[in-house]
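Pulled from Swiss-Prot, these are the features on record:
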- 2: Ni(2+) binding site (BINDING)
- 73, 76, 89, 92: Zn(2+) binding site (BINDING)
């Protein structure tokens, strides 16, 4: 379960960024997670809930944006979705491809709560 170590790293960054901006509470953490990372969303969310206890992110929501796995064929130039985890070009069948997406795991944003009485 590598999700625990991933969340530990995320929480370190969240705490550092909150301190850097004098923020005492984070309301939402947005992550971009590529399909090829092997990250299990439910496990990641459960680890986040556990690791965020007692931190500036306690009670924060975790929003996950799935990044598709894309490939580009060197033979014909086609760009295609690797959702089947088939690493051959569906246009020409060539397996000389470059992965263009799907390995990302990044913090896309941190949101702070609205101040009491503030309007959106």
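Each position is counted from 1, following the chain as shown.
Using N, Cα and C of the backbone, Cβ positions are placed for all residues, glycine too.
Not measured: the values here are computed from a predicted model.
Shown on the structure are the features that Swiss-Prot records.
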residue : record              : DSSP (3 states)
2       : Ni(2+) binding site : coil
73      : Zn(2+) binding site : strand
89      : Zn(2+) binding site : coil
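Looking at 73, 89, 92, the binding-site residues in this record, the fewest other C-beta atoms within 10 angstroms of the C-beta turn up around 92. Separation of the C-alpha atoms of residue 89 (Zn(2+) binding site) and residue 2 (Ni(2+) binding site): 30 Å, rounded to the nearest whole number.
Under a cutoff of 8 A between CB atoms, and with a sequence separation of 6+ in the same chain, the neighbours of residue 76 (Zn(2+) binding site) are 89, 91, 92, 94. With a cut-off of 8 Å between CB atoms and residues at least 6 apart in sequence, the same chain places 38, 39 near the residue listed as 'Ni(2+) binding site', listed in sequence order.
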